[in-house]
Amino acid sequence: MAKAKFERIKPHVNVGTIGHVDHGKTTLTAAISHVLAKTYGGEAKDFSQIDNAPEERERGITINTSHIEYDTPTRHYAHVDCPGHADYVKNMITGAAQMDGAILVVASTDGPMPQTREHILLSRQVGVPYIIVFMNKCDMVDDEELLELVEMEVRELLSEYDFPGDDLPVIQGSALKALEGQPEWEAKIIELANALDSYIPEPQRDIDKPFLLPIEDVFSISGRGTVVTGRVERGIVKVGDEVEIVGVRTTTKTTCTGVEMFRKLLDEGRAGENCGVLLRGTKRDDVERGQVLAKPGSINPHTTFESEVYVLSKEEGGRHTPFFKGYRPQFYFRTTDVTGTIELPEGVEMVMPGDNIKMVVTLICPIAMDEGLRFAIREGGRTVGAGVVAKIIA
C-alpha cells in the first residue's frame with residue numbers, strides 16, 4: 001500500500017483535549033472523530049483505538065499520547081489526547097504536542113475539579129493561546145440552573161488564569177450520546193467543530209515568523225569570512241539581509257553575504273533547512289555555538305525567567321533523589337548548556353523525581369529567549385528534567 005500523500009490544501013491546526021480524569025476527554029475525542037467523519041468524510045477512530053495510546057519518547061521522557069486527525073469544511077485538525085494526568089503534564093511542558101488551542105472538557109455532573117484547574121494553569125504557563133469549553137454529560141443533568149452554575153464556575157476559573165472566561169465559547173453536550181448517534185447530541189459536536197473553526201485563528205506558519213537560526217557551528221573560510229551553520233528554526237534569511245547575533249555576549253549586528261546548502265550557493269535559507277550563513281566582517285572568535293542569528297529586534301537575550309518544569313522520574317533515567325534550593329544544574333537551550341541557579345516557590349523545600357513545579361531560574365550568561373521556549377535540565381550531560389519559559393523576568 002502506497003503511503004498516503006499529505007495534501008496541504010487546507011490550513012492545518014493543532015488541538016487537544018484537556019481536563020479532569022473521567023470527565024470524558026477520550027469519549028469526546030472519539031465522538032468528534034465519528035461525527036465529523038460521518039458529516040464531512042474521513043476515517044473514524046473508535047474509543048478503544050484512542051484510549052490505547054502508544055508510548056512515545058520526547059527528550060528521553062516517556063509519554064502516552066493518542067493522535068487523531070479530522071476535517072471540517074475549511075480546516076484540517078491534528079488532535080492529541082492523553083490517557084493520564086502525568087502524560088498531560090509531560091506533553092505540555094516538553095511541547096511534544098504544541099497546541100494552537102485546547103478543548104477543556106468539564107463534566108457537568110461534577111463541575112470543575114482539581115485537574116481542571118491544573119490543566120488551565122499549565123495551559124497558561126506553557127502558552128496555549130486559546131481554550132474552548134465542552135461541558136460533557138449534559139444528558140445526565142435535568143436542571144437547567146445547575147448547568148448554568150457549572151458554566152459560570154468554569155468561566156470564572158478560566159478568567160482567574162487570564163483566559164477570556166466571559167467571551168470564550170462554551171458548548172453543552174454529551175460525547176457518549178453523540179457517539180451513540182443521537183442527532184440532538186451529534187449537533188453539539190458540529191457546534192464544537194464550528195467553534196474550533198471560528199474561535200481559534202489560523203496559526204502563523206514558521207516560515208512567516210521573524211528569522212531565527214540557532215548557531216551549531218562556526219567556520220572560517222579563507223578569503224570569504226566567517227560561516228555559521230545550523231537549522232533555520234523560523235523565517236527566511238536572504239543574501240543582503242541585516243542580522244543580529246544574540247545571546248551569551250553583547251548583541252552585535254552584521255549582514256548575511258551568502259547562504260549555502262550542501263555546498264551550493266543559494267539566495268535564501270528557509271525554516272526547516274540546514275544551511276550555512278556567511279557573515280560580513282565577523283571574525284571567527286566573535287561568534288559561538290549557543291548564540292542565535294536573528295532578524296534585528298525580533299528576540300532579546302535574558303538571564304532570569306519563571307518556568308514550569310517536569311522532573312524526570314527514576315524510571316525515566318532521571319535523578320534517584322530529590323533536589324533542594326541552591327541546586328545548580330545546566331539548562332540546555334537549543335544547542336548549548338548554561339549553568340543556572342533555581343528559586344523554588346514559597347513553602348517548597350524540595351522537589352522529588354516525577355514532580356512538576358514552577359521555579360525561577362537565573363542563568364550565568366544571557367540566552368536569546370521568548371516565552372514558550374523549551375529547555376532541558378541536565379547534570380553532566382544526562383537529562384534530569386524538561387521545562388518551558390513561562391514568563392521572562394530580566
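Just so you know, glycine gets a Cβ as well, placed from its N, Cα and C.
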From the ranges 5-9, 60-64, 305-309, 320-324, pick the one that Swiss-Prot records as region 'G2'.
60-64
Residue numbers, six or more beyond the limits of the region 'G2' (60-64), whose CB comes under 8 Å of its CB atoms:
53-54, 82-84, 87, 90-91, 94, 96, 310, 312, 315-317, 383, 386
Among all the protein chains here, how many other CB atoms are within 10 A of the CB of Lys25 (GTP binding site)?
26
Taking DSSP as the reference, which of helix, strand or coil describes Gly19 (GTP binding site)?
strand
Considering only the binding-site residues Cys82, His85, Cys138, which fall within 10 Å of Thr26 (Mg(2+) binding site) when distances are taken between Cα atoms?
Cys82
With Cβ-Cβ distance below 8 Å and at least 6 positions apart along the chain, what are the contacts of His85 (GTP binding site)? List them in sequence order.
Val21, Gln115, Glu118
